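Record features, source TrEMBL:
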BINDING   A:R62, A:R68  NADP(+) binding site
BINDING   A:R144, A:A145, A:S146, A:G306, A:K321, A:P322, A:T323, A:P324, A:T325, A:R348  FMN binding site
There are 4 protein chains.
Amino acid sequence: MLGNTFGRLFRVTTCGESYSGAFRKNSDIPPELWGGLAVIVDGVPAGLKVTSQIIQEELDKRKPGQSRLHTPRTEADKVYIFSGVMQDDRTTGAPVCMLIPSSDIGDYHIEQHKGNKDLLRPGQAAYTYYKKYGEHSDYLGAGRASARETVARVAGGAIAKIILDSMGIDVIAFTIESHGIKAGPFSYETAKQNYRANDINCPDLDIAKHMIDDLLQVKKEGDSCGGAIEIIAKGVPAGLGEPVFDKLSATIAHGIMSIGGVKGIEIGDGFGVTSKKGSECNDTPYYDEETRRIRFKTNRAGGMLGGISNGEEIRIRVAVKPTPTILKDQLTVNVSTLEPVTHKFASRSDPSLVPRIYPICEAMVRMALVDSILMASGSRSITDMDNRWDKL
Amino acid sequence: MLGNTFGRLFRVTTCGESYSGAFRKNSDIPPELWGGLAVIVDGVPAGLKVTSQIIQEELDKRKPGQSRLHTPRTEADKVYIFSGVMQDDRTTGAPVCMLIPSSDIGDYHIEQHKGNKDLLRPGQAAYTYYKKYGEHSDYLGAGRASARETVARVAGGAIAKIILDSMGIDVIAFTIESHGIKAGPFSYETAKQNYRANDINCPDLDIAKHMIDDLLQVKKEGDSCGGAIEIIAKGVPAGLGEPVFDKLSATIAHGIMSIGGVKGIEIGDGFGVTSKKGSECNDTPYYDEETRRIRFKTNRAGGMLGGISNGEEIRIRVAVKPTPTILKDQLTVNVSTLEPVTHKFASRSDPSLVPRIYPICEAMVRMALVDSILMASGSRSITDMDNRWDKL
Amino acid sequence: MLGNTFGRLFRVTTCGESYSGAFRKNSDIPPELWGGLAVIVDGVPAGLKVTSQIIQEELDKRKPGQSRLHTPRTEADKVYIFSGVMQDDRTTGAPVCMLIPSSDIGDYHIEQHKGNKDLLRPGQAAYTYYKKYGEHSDYLGAGRASARETVARVAGGAIAKIILDSMGIDVIAFTIESHGIKAGPFSYETAKQNYRANDINCPDLDIAKHMIDDLLQVKKEGDSCGGAIEIIAKGVPAGLGEPVFDKLSATIAHGIMSIGGVKGIEIGDGFGVTSKKGSECNDTPYYDEETRRIRFKTNRAGGMLGGISNGEEIRIRVAVKPTPTILKDQLTVNVSTLEPVTHKFASRSDPSLVPRIYPICEAMVRMALVDSILMASGSRSITDMDNRWDKL
Amino acid sequence: MLGNTFGRLFRVTTCGESYSGAFRKNSDIPPELWGGLAVIVDGVPAGLKVTSQIIQEELDKRKPGQSRLHTPRTEADKVYIFSGVMQDDRTTGAPVCMLIPSSDIGDYHIEQHKGNKDLLRPGQAAYTYYKKYGEHSDYLGAGRASARETVARVAGGAIAKIILDSMGIDVIAFTIESHGIKAGPFSYETAKQNYRANDINCPDLDIAKHMIDDLLQVKKEGDSCGGAIEIIAKGVPAGLGEPVFDKLSATIAHGIMSIGGVKGIEIGDGFGVTSKKGSECNDTPYYDEETRRIRFKTNRAGGMLGGISNGEEIRIRVAVKPTPTILKDQLTVNVSTLEPVTHKFASRSDPSLVPRIYPICEAMVRMALVDSILMASGSRSITDMDNRWDKL
């Protein structure tokens, strides 16, 4: 397996899966060391204040079991900083390692998974992992394809958040659609104020209620449903992103599309442009006396031109598929006998990914932004280099 | 500038811009060496038959001036193989270099661009490049943000195509929407048969006529319009893509979103999932007697599960914005005086990117697939490694 | 900080430092989670048998306090597997994470280091880290420049060893010089048999005694001394290494030169070639009936031609500088007052790096070999690809 | 093939071989486009003055046929800038492409190489390439293993030189040994003054004469010989290089060891440390009133501590093997018949690599330095980032 690192100069490497620790249960070893998720963040500048409390706050946003909309499964998701932070909680420039031990490694789950080992769960990755890794691929709890993997993304994104906070850049993600019920559009200010005021993170508090009622109904049916998330990055300066293959748009799309369950991404007007004319799409530039820089009268472009940030808000929308695990009879195949089987997979999963996916979207955009900021810090022009050089 | 390389084991590095050759016009130097686009493809297996004819065929698909829907600008886009191919047109394993000299470096264009140097063209990258690279950034013909950059992508993709052809993998891209006129859905077979039968590459020949009439009307108005492209990859085996951050979906999204003018990408049902239930989204797996492998009764997932290919057709849709350059008065700003200005930018550009973007979409998906195939060839399981090892 | 990852397809990412855990001492947290070293190995094939015992065996080779030649400092260096290994101790293809908690985080050491914070230790990295990371750089125990960092290299190399073992490739490193006392040359067989039979890992048992006596004398003087290590990789097939910039020789040199204290590396005849003629250097190829392949009558090249392995033993020699920390008065500078100071730094360090550096040399060469094997497995020729393709 | 790119943020990608253009000889195509070497340099800051004259000057240093010590083969090695440079010869931030067409593609050479196709040239890469790439590997003039490949390195290094010149960093390489005749040590000033005053680039003019006489004698015998090069980088600030795996020492060793014919590299005292004590190796730091920074009374470390530059001169020595092609009968094997054969390979090659390798050594160190400078420019400390941020 490869692909467990994101970023070029801000590099987040993650690992871990739900149940491997079960095979290392041993009374001689503290349970926290049996297994879990780990993250190594390389490229963290020295002098950054990083505490486990700050990281924990982000992790708690995605923690299951917090509302009726979540899986009843409880995971502590407690984070331990293991390296890279020293006196006064300051980073030293060394890689920051964070551990999130798995606290919920019950024999029960293993037995349950083993029992259904040969039945392909529709909509899940077991088949493709088997084709890729063969008989030893992780058949318990989906391995690296488990939603649990995203804990490590959020931990990495929390470090990015601390850097962005120090620069006045804010990234928020919120729900704009659940099972066809749409909300918005929202200004950054409205979204910021309200998006965490309800269990589904929708800034329109009335529509949020509808979404929640509908979702509880879907849950009751044993089904699940999809939705859409909008992400806004506020305060991003112009000039981020590398031309051609590594545009900021491409880097962000890479990160967002790598989240399990995401089936589409749009920037700015997105798929709305397919029916529009150029005269309806171009944003008009003007000189803003107040900020003393070029701004744009509209932001249909979603904050990027030529794939490089233009100083306006970055606006992204993300399509999230329904949780594939549902509590209904489903037709599938037994990979051992090759016979068709109808089975109801008993599993504790969320009826929708939407209420818990926003911190992961925020994390990926934050990592992409910090990485792009560091890329942009290096080498733009020789004048710029000369100025920096003098200080070395 | 960085970001001019795409791929990990199949690495396509491109360079070049529209007009830099103008500054090297010199009677002592053959005009083909003044300037142009170049591509170095590293990771090409030895023994592949590569001719300039094969590459040229792909380049000709995106060449301007071929229909009423194109810019009248003519560029020869003639490709020369410069390295990596030897006896019997076979690759040696060395990097393949291709040159596409700029044939259309007129002083006229330079003067024209210089004259408008201080006026920001709405919807274009000049501002963001200026913010990134400063006073020496390329102000002529958009530099690396020019659509001309994509010539090199198509050349790189043509090498990928030769590899995929040898494996029975076919990638096609075609128009499914232009200025709100929609067509499809199309089976691979229908699309394959018809998509190059008209100037707008839409497999529905009747709707294509409507699209073309509409587009000519938009052109007449001096305006432009957007549209949507669908891409199908047929014959892709299960198991491509790396878990977590480098899923096949993420790699493809990275590549597609890096194309200038693309504002959105969907895989499978894409944004359609936002209103659906899990029971409506999951694809049912079954054992297919004929091919002797697991297949799926539907393909809502678009050929990937957990971001890894599942053996079904890969299906992607792409939102393409209207060409930003339009022949209408537009309000903009003079970056020198900071005053607002109304200007009609005279330029020879396409009224829509849609008719010429399909070979670029094909190229990016092909490169992503070959790169993912090579990644998947290395290290999946120790059994697999042992078998290969014996042959070393 | 960056640069904490080694490898392209076999990627070892490490982190951790000696004393950061001291700032997280907390009775609510198990001491093993306060801090330490961590390694994430990405690119491990599925199905590999990995146990903490196998890893521990390698770690124990570099563990301090095992002989009179070592620092008296004791570190448990106990390894815990944290992810990537499941049923029957088999890898799943997911990244393997290993934790080595710091067991020796005494307040005493911290106070000691703090007291001398402003005095530059001659020969050590404190000054360069300060210039790079500023006031928050790790001033305790050298941070990432500490020899303790190499624990994580050895853990990563242990995974590589398991892969190489399964392929019949053996890598050994042994001492050929200490403080000017030279031994060898040794055949692989002799070296293999004897190199771990004494505290200085020299295959010549008599000379080893001299080396040890001399080293104890140097230690008694409060001084330290340098030496040289030879590395042999036996069983490496021809064809590893990428031409031009990423030759196998370059990849290995990169890895070896990244070990703290290494000041030189030679391949084959190394610096011996500077006085030789071509007729004395070329190895004569012949067809070997027994192995049915081309072999070479001599191995002056050290197992590589054009930087690619040629099937003969890879032979490398490494120059190791004396431990910079010595128990003698040394003139240095106080970075705060900028005044010269004479100081005797009290510290528990090895009188020579030589007795404990061999497992680190082995680890780096093993990682470089596995990485090169995976690189070579992908894409050599189209025939080769076709054969593999059929099996997907 | 992979490995044709060097660098992380200053990325030099090269391609090309001696004779592939022979297969594209065609009267319709200008001979300059038949084939040759190409370089794409990504990461070049905007605003740098780059002319073909500056690049040509560096290429001319390694051009063959300039003295009695060179191969009589003549290659024009004329460079053409193809992209990335515009008005007033200034870079725009876009990748700089340079082409060096092969001017000497005679049918004669091809016939000659074809005739000996089955005879392995002792000391050369044909066997390892064959094992790696199979029957289609380049059998003419050694392909990418040809010394001709280094033309592209020098072109890439020339861009790095322009950047370093603007920063007051000078890199020089010169001969310190030829066939056992040693010269030096030299101060930077002495070396700088004299190293290009004779055909063998040895700063000691008397010893240079001995070296040249000896080399001509070796040449007369139809043999070749090895030697050693020293490289000094003057003016490098403290703080370059990333800790752990990507130390500056490791990056430079990677680059230098990737040059064909190099068998060893030393930094500072290099292999001299193997017989020394710590008290003899440590450099004493002091505060230098004049430069107002910490300096070192000696420079045994060769300008790096912990693998990071310390502000002193970087000093490297390189072992260069004798040219493997000699005009003497050599025993070898016919890979087709597998029979031993004695053959005298008629070829026009240098009797020593030493007189022409110095510009290549300079190029690799320059590229490594610029790359490390750009890496160091990004992300050292949060204070540093904040300062830069304000200017975006």
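Counting starts with 1 at the first residue shown.
In case you wondered, yes, glycine gets a Cβ from its N, Cα and C as well.
Long-range neighbours of A:S146 (FMN binding site) (same chain, six or more residues apart, CB within less than 8 Å of its CB): A:E17, A:S18. Rounded to a whole number, the C-alpha distance linking A:K321 (FMN binding site) with A:R62 (NADP(+) binding site) is 17 angstrom.
Each of the binding-site residues A:T323, A:T325 was scored by the number of other CB atoms within 10 A of its CB, and the lowest score belongs to A:T325. Taking the binding-site residues A:R62, A:R68, A:R144, A:K321 in turn, the residue surrounded by the fewest other Cβ atoms inside 10 Å of its Cβ turns out to be A:R68. Checking the binding-site residues A:R144, A:S146, A:K321, A:T325 against chain C with a Cβ-Cβ cut-off under 8 Å leaves A:R144, in sequence order. Chain B comes close to none of the binding-site residues A:R62, A:R68, A:S146, judged by a C-beta to C-beta distance under 8 angstroms. A Cα-Cα distance of 17 Å separates A:T325 (FMN binding site) from A:R68 (NADP(+) binding site). Secondary structure from DSSP puts A:R144 (FMN binding site) in a helix. For the recorded site, A:T325 (FMN binding site), the DSSP three-state label reads coil. Cα to Cα, A:R68 (NADP(+) binding site) and A:T323 (FMN binding site) are separated by 16 Å.
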